[in-house]
Amino acid sequence: MAKELTLSIIKPDAVAKSVIGEIYTRFEKAGLDIVAAKMTQLSREQAESFYDIHRARPFFKDLVDFMISGPVMIQVLKGENAVAKNREIMGATNPKEAAPGTIRADFADSIDANAVHGSDSLENAAREIAFFFEQHELCNR
């Protein structure tokens, strides 16, 4: 089976808790290789553009404000069924509904400050990866 790529963002709340290493360990234990990574402080323009699909939703402004509230860790994960596998280990969007042992159950505080973002489809993964990384930044692992 071909390996997929997916985008993951460790959000400002989880970065502030210093759990990046613990989250990376979960990716690797699930068979997801990190093939690109960077820490950055998103600008308002970047966050608005990245989450443009949600622009008409009532939570858009709060989402953007949260995503620019502190640094984020952005990584590209590679592995078999990477999109689905990453979403499984992230857990439900609302941490109160997330299964025990998932990233959100263990590290998220609320549906807004929910620790991580993960691509929800191969198509969105390709778009999201291209938003943050140039092709030459992806390492072959």
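The backbone N, Cα and C atoms fix where each Cβ goes, glycine too.
Summarising the annotation, Swiss-Prot assigns active site, pros-phosphohistidine intermediate to His117 and lists sequence analysis as the type of evidence. Under the heading ATP binding site, Swiss-Prot lists Lys11, Phe59, Arg87, Thr93, Arg104, Asn114.
A Cα-Cα distance of 15 Å separates Phe59 (ATP binding site) from His117 (active site, pros-phosphohistidine intermediate).
Just so you know, of the binding-site residues Thr93, Asn114, the Cβ with the fewest other Cβ atoms around it within 10 Å is the one at Thr93. Long-range Cβ proximity for Arg104 (ATP binding site), meaning a same-chain Cβ under 8 A and a gap of 6 or more residues, is found for Met90, Gly91, Ala92, Thr93, Asn94, Pro95, Ala98, Asn114, Ala115, Val116. According to DSSP, Asn114 (ATP binding site) sits in a coil region rather than a helix or strand.
Reported as a whole number, the C-alpha separation between Arg87 (ATP binding site) and the residue listed as 'active site, pros-phosphohistidine intermediate' equals 9 Å.
Look at Arg87 (ATP binding site): DSSP puts it in a helix. It is 7 Å from the Cα atom of His117 (active site, pros-phosphohistidine intermediate) to that of Lys11 (ATP binding site). Cβ neighbour count for the residue listed as 'active site, pros-phosphohistidine intermediate' (all protein chains, 10 Å cutoff from its Cβ): 21.
Counting only same-chain residues six or more apart in sequence, the Cβ atoms lying under 8 angstroms from the Cβ of Lys11 (ATP binding site) belong to Phe66, Met67, Val72, Ala113, Asn114, Ala115, Val116, His117. The highest number of surrounding Cβ atoms within 10 Å, among the binding-site residues Phe59, Arg87, is found at Arg87.
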